[in-house]
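Trainee: Checked Swiss-Prot, it gives:
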type: TOPO_DOM; residues: 1-65; note: topological domain 'Cytoplasmic'
type: CROSSLNK; residues: LYS14; note: ubiquitin cross-link
type: CROSSLNK; residues: LYS15; note: ubiquitin cross-link
type: CROSSLNK; residues: LYS34; note: ubiquitin cross-link
type: TRANSMEM; residues: 66-88; note: transmembrane segment
type: TOPO_DOM; residues: 89-954; note: topological domain 'Lumenal'
type: CARBOHYD; residues: ASN109; note: N-linked glycosylation site
type: CARBOHYD; residues: ASN141; note: N-linked glycosylation site
type: CARBOHYD; residues: ASN183; note: N-linked glycosylation site
type: CARBOHYD; residues: ASN309; note: N-linked glycosylation site
type: CARBOHYD; residues: ASN390; note: N-linked glycosylation site
type: CARBOHYD; residues: ASN404; note: N-linked glycosylation site
type: CARBOHYD; residues: ASN412; note: N-linked glycosylation site
type: CARBOHYD; residues: ASN484; note: N-linked glycosylation site
type: CARBOHYD; residues: ASN522; note: N-linked glycosylation site
type: CARBOHYD; residues: ASN551; note: N-linked glycosylation site
type: CARBOHYD; residues: ASN776; note: N-linked glycosylation site
type: CARBOHYD; residues: ASN802; note: N-linked glycosylation site
type: TRANSMEM; residues: 955-975; note: transmembrane segment
type: TOPO_DOM; residues: 976-982; note: topological domain 'Cytoplasmic'
Amino acid sequence: MAPPMNLQQWLLWKKMNETHLALENISSLTEEQKQQVIIEIQQEEVIPTRMDRVKYLAYACCATSTRVMCWLFLICVLLIIVFVSCFVTVARIQWNRDINVFGPVIDWNVTHQATYQQLKAARLTRSLKVEHPHISYISINMSSIPQGVMYTPHPEPIILKERVLGISQVLMINSENIANVANLSQETKVLLTDMINEELQDLSNQMIDFELPLGDPRDQDQYIHHKCYQEFAHCYLVKYKKPSPWISEGIIVDQCPLPRIHDPNYYKYQPIWDYYLKIQNIRPQGWTSKSYYGTARMGSFYIPTFLRNNTVSHVLFCSDQLYGKWYNIENNIQENEQLLKTKLYNLTTYSKLKARALPKEWNNQGNARLFRSFNPLDVCNRPEAVLLLNTTYFTYSLWEGDCNYTTALIQNLTECRQPDRLKLKHPYACRFWRYKEGQEEVKCLGNEKKKCLYYSEYSSPEAQFDFGFLSYLNAFPGLKYIENQTVREPEYEVYSLYMECMNSAEKYGIDSVLFALKTFLNFTGTPVNEMSTARAFVGLTDPKFPPTYPNITKEQKRCNNLKRRKRSTNIEKLRSMGYSLTGAVQTLSQISDINDERLQQGVSLLRDHVVTLMEAALHDITIMEGMLAIQHVHTHLNHLKTILLMRKIDWTFIKSNWIKEQLQKTEDEMKIIRRTAKSLVYYVTQTSSSTTATSWEIGIYYEITIPKHIYLNNWQVINIGHLVESAGHLTLIRVKHPYEVINKECTYEQYLHLEDCISQDYVICDTVQIVSPCGNSTTTSDCPVTAEKVKEPYVQVSALKNGSYLVLTSRTDCSIPAYVPSIVTVNETVKCFGVEFHKPLYSESKVSFEPQVPHLKLRLPHLVGIIANLQNLEIEVTSTQESIKDQIERAKSQLLRLDIHEGDFPAWIQQLASATRDVWPAAARALQGIGNVLSNTAQGIFGTTVSILSYAKPILIGIGVILLIAFLFKIVSWLPGKKKRN
């Protein structure tokens, strides 16, 4: 293709073209003349005018086919931009008209509208009898829901939290104390020990150990008291003035019943029976009682050598059976604990008991303020105590020959002068228990030397096992011989191991004191505190008391450089488990309220760890047999473990009376407090262990919620909403109520907004606000109204607990209205909306709703469906008290964004047609036709093209402007820059 002509060439071409046109119209010139004229004109110099330059510019713009095509493309682009801009401008004008039109009105003042629909139920009657067919009808009862909100009973009480009390409890469990209370034998002690170890080891395997930022409980006075009391409450050390053993090898105490020849025994087991010398008829040749038992008579009681040791200078015992009448067994353990603690603090100097605490037999200045004197029957049940501690020897003998008493002397007694009458009164009257039968000897038959016949000096008394006991009780007249002999001087010094533990713990620490005193109790190899309380009496030879306390360093659970990290880790453990404990200062601030005088007594308790002995919390098990007592303890222990694993509180082991008294709470509030309290085990430790005894400690943290107000009759809000068909879109309208629960006490209704709530049996909230319900008046709340696009068809059916159904649907079936939420109750099974509706357990004729809500009339924006469709999520479109003007402004902010269109072009045109239908019907029909053509007729080709252009409209406008500027510069570049000179 030839390049475009320059200005001189174009002027020459133009002049030659004009010359040819002029010569064609002149016929007077010949061809040669015409050629001559053309040559002359070509040789003439042409000077362009302004008009020539303008014409040349037009020529230069369209000189080639490429330039022509560019101009055509530019014109097409400009036409498209103008078309789209004009169309959007017209649409915007239409949007403004649609926005200013009032939208639909929802009047939620209709309640309890009942509609009955009778449907013929298909029924096939099969019967052998002739029956007339009958038609049954299904009744559907419907009631509309005001404001699209359903209220259902809220069964859980709602508790407004006033404060939280944090309590740490250390629960001590000592099997030996429990065994002593229940009078268990050594065999059953092993079973009790195994049971406690099994339960607490299982609890320990499921709990992690960590520390509370409340201090070590071992430094606490209450802990020290309970620990010392649990281990050494009834332990004492008695010091003789000088070592004095028992004066004889045998002892005659006929007031004690004897074991029967055949079991079972009539009387319960007597400890002195362990020392009984039973007369056996078979003995080896040459056997004599003197060679084995010394001066002790066969048929009496033999005192073993360990009770007759000449070097015994002290007596160590752990028993509560020597206390006076002040220690009443009918009192509970806690009452006796307080009494003993008071007595010891008043009757001791450091750890030594004052003289007035002892009986006269122990000290000449004694007044029996703490211990009592021995009675004659004590030797039967507490033989070691009598033999080691008694200062005198009382012989109660019914043996023939003692004190020169004979049969003739008995018959001369005043009460025995009529023997025939006395025998009718009692068979034991006026006779000896043991008669003298001759010298002791063993007779053998033939060569038999091992199994010979033994003849005792006195008769065998087992057949009359209760002779002496009945004689002591004066059950019959007869001889009573009592002999009193001095054994020791009554100048005892008595020391309390409990007071020694309490006083030394302040100086040496509880761990060191416990170790030393427990070692002291094990002086003979058998721990005295693990013996039976009736026999826990041992003699010692010059023991060192007080013992030497070792320097025991407390176990450090964390390094110093990791102290802060470890502490924060423990607190995080609490936080992760749902507890609000965040430090000692915060805990005490939650617990302590100095301005509340009713709490001041409780504050001192809560600042320290609460220490509890398990045996003090149990029922009275002294009347139970061994296995029954173990089962009782097992039941309590298993229940405690189960409750702790459930993070609840076993109120058997911690009393709540102080909360009720100090906080002035009612019994109903106390029930809430007990139910909502939480527990957390923070350590389980076995402190001691042996074959027959074990002791454990359980550290438990409690959080006790103190209620400020309790809301009982509550209704829960179910916001189902209301359906609206707007601008071709199905929209779900909801009112955002400011409350979640309605409380109705008597006839007074309260609308409650709950914050920071946890569900733990009851609903416990930090904040409960009383708000106003939604309404159109100024006395009610202005609630936001939201719209959400939903798909057609919309069917929501929810079964209610009363047997009815909550229905919200966009279509009608079984005469159930569309768009309006309804409560539906049927009397027979019927299928609606593809769902089977079943009748309730009983027939309901009317569905009542409580409480009632105020009147609410709501106007929605005209294009609420368009707004919800644009946002594609639930948005606020108005409020219950918003003015029409504000509503229109809100709608404009949402709808005018369509000026810069986003989306499929045919769909947008159809949406515009739907929005215009009720405002400008003719335009709506035209737009609908265009949308149908673009989406259907042209199979989307043209529509897609236009849609792409619509998406790129801002880009195309920018490109068009850039092209115009570029073409202008290009056109300017085509113009000649310099004039040609001839």
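Every residue, even glycine, has its Cβ placed from backbone N, Cα and C.
On this model, are these features tucked inside or out on the surface, and what's nearby?
Mentor: Averaged across the topological domain 'Cytoplasmic' (1-65), pLDDT for the predicted model comes to 76.
Counting every protein chain shown, the number of other Cβ atoms lying within 10 Å of the Cβ of LYS14 (ubiquitin cross-link) is 17.
Within 10 Å of the C-beta of LYS15 (ubiquitin cross-link) we count 16 further C-beta atoms, all protein chains included.
A 10 Å cutoff on Cβ-Cβ distances gives LYS34 (ubiquitin cross-link) a total of 16 other Cβ atoms nearby, all chains included.
Cβ neighbour count for ASN141 (N-linked glycosylation site) (all protein chains, 10 Å cutoff from its Cβ): 20.
ASN183 (N-linked glycosylation site) carries neither a helix nor a strand DSSP state and counts as coil.
Of all Cβ atoms in the protein chains displayed, 16 besides its own lie within 10 Å of the Cβ of ASN309 (N-linked glycosylation site).
Listed in sequence order, GLU361, PHE374, VAL487, ARG488 are the same-chain residues six or more apart from ASN390 (N-linked glycosylation site) with CB atoms under 8 A from its CB.
Counting only same-chain residues at least 6 apart in sequence, none has a Cβ under 8 Å from the Cβ of ASN404 (N-linked glycosylation site).
For ASN412 (N-linked glycosylation site), the count of additional Cβ atoms within 10 Å of its Cβ stands at 10 [all protein chains shown]. Following the DSSP three-state reduction, the secondary structure of ASN412 (N-linked glycosylation site) is coil.
Within 10 Å of the C-beta of ASN484 (N-linked glycosylation site) we count 8 further C-beta atoms, all protein chains included.
Annotation for ASN522 (N-linked glycosylation site): spatial neighbours VAL528, criterion Cβ-Cβ under 8 Å with sequence separation of six or more.
Within 10 Å of the Cβ of ASN551 (N-linked glycosylation site) there are 8 other Cβ atoms, across all protein chains.
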Trainee: Which one of the glycosylation sites (ASN183, ASN776, ASN802) has its C-beta surrounded by the most other C-beta atoms within 10 angstroms?
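Mentor: Its Cβ has the most other Cβ atoms within 10 Å: ASN183.
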Trainee: Does DSSP give ASN404 (N-linked glycosylation site) helix, strand or coil?
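Mentor: SS state of ASN404 (N-linked glycosylation site) = helix.
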Trainee: Could you tell me the C-alpha distance between ASN141 (N-linked glycosylation site) and ASN802 (N-linked glycosylation site) in angstrom, no decimals?
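Mentor: ASN141 (N-linked glycosylation site) to ASN802 (N-linked glycosylation site), Cα-Cα distance: 14 Å.
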Trainee: Quick one: of the recorded positions LYS14, LYS34, ASN183, ASN484, ASN802, which has its CA closest to the CA of ASN309 (N-linked glycosylation site)?
Mentor: ASN484
Trainee: Find the one among the recorded positions LYS14, LYS15, ASN412, ASN802 whose C-alpha lies closest to that of ASN183 (N-linked glycosylation site).
Mentor: ASN412
